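According to TrEMBL:
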REPEAT    52-108  repeat 'RCC1'
REPEAT    112-173  repeat 'RCC1'
REPEAT    173-229  repeat 'RCC1'
REPEAT    283-336  repeat 'RCC1'
REPEAT    337-393  repeat 'RCC1'
REPEAT    394-443  repeat 'RCC1'
């Protein structure tokens, strides 16, 4: 018996498929270009413009991803971005990725304007109990968080940020703080042996010395507040100088940060761990806190800096638009859309893991090419160990340590240079935690 040639067998298989699926089809050849106008036109209903698509990925064990099905299937980590239902039900305004928990700010005319999921060991996502007197330490899908608004119908949440175990919420009625206050990071008196797990107390900071708070930032265990006149206030853990108050003590009351920023109008703050960066309205950068990885080069080689200092080494890169401060590295974005990195870690520069001088990440690694010559980075952010950049084309690039697949690249490998994340929408905002990431996206149509 003659054996069938594999190539002949393949062609026979394709012929069989054509007969099966093209049965009854009259036209099997390309249409004449002159008759292109006769082709049917399909119209698709656009998505609601105001509704963001919410994607999460990374560590699934803490519940921070808000996907209950992952827990049921015993999924330890999510390698790819997965869409959350919270973006389908609500208009999500902002989000925050803490250490094992996530917070989502939504538009609502009730006092439920926040949803939280993940670790809740210190009531950082509000008080939730399975029955009276039995609070939940872990929540696996978003639950409502009640805030004591005076006028819930008209008040709006403007921003939410999260530290290791505390949360700050900026609203039109001021700032609400909740969670762990062991170092005074919630801006209230430290209570010895306070049981944070069973505490449903939400602290309210309406303003600072009569000045309206317009922005907030949360480091690991410290908090930063920016007022409309460009002044910065801080509280919390100060062992590395991260409060910027000229000492290394913990601070429970909000105090004004001075140093080189005292007479500057600050417009942006960034801190993920124990080093803080600030930008003034002229695009100059300042920093303070832990500098052991070369975040700021000091003449006396000190590793802690308790007074804000101008970062002169950034002057050559031009006007700075945005900054990000990780556990051991920093990023700066100038008005040209160029990204510079320095410090220690997987910086996005290939094998370079330590540099005390800002180095530019090539634009070609961040989306600029012959097909997209006008592609520029419009925003940057980072977690403790990984970083992210969003372009004006709505693309997201991530790099760094891939702890629990927090890069969203489909693998568990650390990434030495930026790679594009596959997402079902145009990325507008990204929030990096310690081992998970959140992205808000506009739909394609």
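Glycine is no exception: its Cβ is also placed from the backbone N, Cα and C atoms.
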Exercise for review: Helix, strand, coil: count each for the residues of the repeat 'RCC1' (283-336), based on DSSP.
Suggested key: 6 helix, 25 strand, 23 coil
Review point. Considering only Cβ pairs under 8 Å, which range in 52-108, 112-173, 283-336 makes the most contacts with the repeat 'RCC1' (394-443)?
Key: 52-108
**Study point:** Residue distribution over DSSP helix, strand and coil in the repeat 'RCC1' (173-229)
**Key:** 3 helix, 23 strand, 31 coil
Check your understanding: If you average the pLDDT over the repeat 'RCC1' (394-443), what number do you get?
Key -> 97
